[in-house]
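Enquirer: Input: one structure, supplied below.
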Amino acid sequence: MAKAYDHLFKLLLIGDSGVGKTCLIIRFAEDNFNNTYISTIGIDFRIRTVDIEGKKIKLQVWDTAGQERFKTITTAYYRGAMGIILVYDITDEKSFENIQNWMKSIKENASAGVERLLLGNKCDMEAKRKVQKEQADKLAREHGIRFFETSAKSSMNVDEAFSSLARDILLKSGGRRLKNNNKPPSTDLKTCDKKNTNKCSLA
């Protein structure tokens, strides 16, 4: 019996507690938003199959707890990840500053050459912005990775971010040469909606 997919990619979302990791995953996997999710304890995952350049890619997206007390649990899941999304909250400067610590954690625990992507969430809360887009863009370029600002609430750039990472993994894993793969690593596809003010405050 033929498989329902061509490739299986394990993705991992990391970042401080409260940046909206769970909301992003639920938005991507189920196209749903609820700001009453219980903060993740340990590890949970969702699955969605997407079409990338004619290939069916099954994405297994793992949600991790951001609290330091769960760090050992999170670390156990780094090694099998083919792509890691580092998430911060644009209204929380500390969560952005801690991205450097999460980068260090990836270097110490993940497989060499794992694909990474920087993601600034809650861009629907422009009035409360504390982290400027230029700051994150600079950080992403320093590390040679892509950057998106997203809103789990409005769904802005969520699919684009996950699909971009999946394309990069497919290319690296020997997929046929993809279109537009010479574009700079930092991308911002759309302007985020500034009207919505509700947030997903849980991890």
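Using the three backbone atoms N, Cα and C, a Cβ is placed for every residue, glycine included.
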Enquirer: Looking at 16-30, 31-45, 151-165, which one is motif 'Switch 1' according to Swiss-Prot?
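Expert: Checked against Swiss-Prot: motif 'Switch 1' maps to 31-45.
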Enquirer: When Swiss-Prot marks a stretch as motif 'Switch 2', which of 63-80, 171-188 is it?
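Expert: Based on what Swiss-Prot states, motif 'Switch 2' spans 63-80.
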Enquirer: Please report the number of other Cβ atoms within 10 Å of the Cβ of K153 (GTP binding site).
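Expert: Other Cβ atoms within 10 Å of K153 (GTP binding site): 24.
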Enquirer: Average the per-residue pLDDT over the motif 'Switch 1' (31-45) and send me the rounded value.
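Expert: The predicted confidence over the motif 'Switch 1' (31-45), as a mean pLDDT, is 69.
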Enquirer: If you count other C-beta atoms within 10 angstroms, which of the binding-site residues S17, D124 is the most crowded?
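Expert: Most Cβ neighbours within 10 Å: D124.
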